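Undergrad: What TrEMBL records for this protein is below:
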{"type": "BINDING", "residues": "165, 166, 167", "note": "NADP(+) binding site"}
{"type": "DOMAIN", "residues": "6-120", "note": "domain 'Tetrahydrofolate dehydrogenase/cyclohydrolase catalytic'"}
{"type": "DOMAIN", "residues": "139-281", "note": "domain 'Tetrahydrofolate dehydrogenase/cyclohydrolase NAD(P)-binding'"}
Ligand SMILES: Nc1nc(=O)c2c([nH]1)NC[C@@H]1CN(c3ccc(C(=O)N[C@@H](CCC(=O)O)C(=O)O)cc3)C=[N+]21
């Protein structure tokens, strides 16, 4: 079998078209969604992501601010900036790029972001609301995974989903969202004894472990949907997922590539969260 390639890039473009139309409409009412991105230090990978987010804002007609702070910025200075952005009316979403330098307490910074402007969905209140199934800003990558599966026309309800990885930003929340979509979910992690056996039972396999090309065809059931959340920069400079694409595409029914899979969806969900937050700030939605 040769798998269907799930194009996150294409699905992303469809969603962005809808966002652009909505933004044009809001402009008629004097509303412009605004996103602030805060980058501390000069990590090259982070620089690329931040530039991509800036470009998305520009393309979709959002207002954007990028705050580039030096690596030795103190925690107090960063908290003061977050506090200012919390109160700034033109800003509907605040994203502090992670990881932060070691001398800054990430939890403290995330907790300081206004729950309503937490477009990453990382604030404990948003996480709690996600767990109990209440309205919340959803974390972008997990929301992007669900949206990608649904918009490709693939069924989630009643399927067995296996998630490999249990991080707070991907594994845990994507498991909850899959469960919300009525999948039966198994979570695997580094201490899982029989991971290959479990993965092979998956109708939907979501991989977020951070090891390049770790999952090959031997982990995949014939016809399964494979979602690769991995984003590993190889020494060659090339980007690789957690799934060995060439091997996996021979057995899976549908599979996401890296790049061009989950990555673009993450940024699109960030924009959607910012739009939602802007509407809510103006009593819409
Ligand atoms: N507070 C915070 N929120 C984040 O959402 C966040 C973060 N910190 N820190 C870093 C990670 C990483 N991340 C990516 C998003 C999109 C692509 C993306 O668009 N990737 C393209 C390729 C880009 C390339 O070529 O490098 C693709 O997969 O097609 C990648 C990585 C968001 N992150």
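Keep in mind that glycine also has a Cβ here, set from the backbone N, Cα and C atoms.
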Undergrad: Which numbers of helix, strand and coil residues does DSSP report for the domain 'Tetrahydrofolate dehydrogenase/cyclohydrolase catalytic' (6-120)?
TA: 61 helix, 18 strand, 36 coil
Undergrad: Report the residues of the chain - excluding 165, 166, 167 - with C-beta within 8 Å of the mean position of the site's C-beta atoms, for the recorded NADP(+) site, in sequence order.
TA: 163, 164, 168, 170, 171, 172, 187, 189, 208, 209
Undergrad: As a test of the contact definition, list every same-chain residue at least 6 positions from residue 165 (NADP(+) binding site) whose Cβ is closer than 8 Å to its Cβ.
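TA: The list for residue 165 (NADP(+) binding site) reads 171, 188, 189, 206, 207, 208, 209, 210, 229, given in order along the sequence.
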Undergrad: Tally the residues of the domain 'Tetrahydrofolate dehydrogenase/cyclohydrolase NAD(P)-binding' (139-281) by DSSP class, grouping H, G and I as helix, E and B as strand, and everything else as coil.
TA: 54 helix, 26 strand, 63 coil
Undergrad: At a 10 Å cut-off from the C-beta of residue 167 (NADP(+) binding site), count the other C-beta atoms across all protein chains.
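TA: Summing over all protein chains shown, residue 167 (NADP(+) binding site) has 15 other Cβ atoms within 10 Å.
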Undergrad: So if I draw a 10 Å sphere around the Cβ of residue 166 (NADP(+) binding site), how many other Cβ atoms end up inside it?
TA: 17
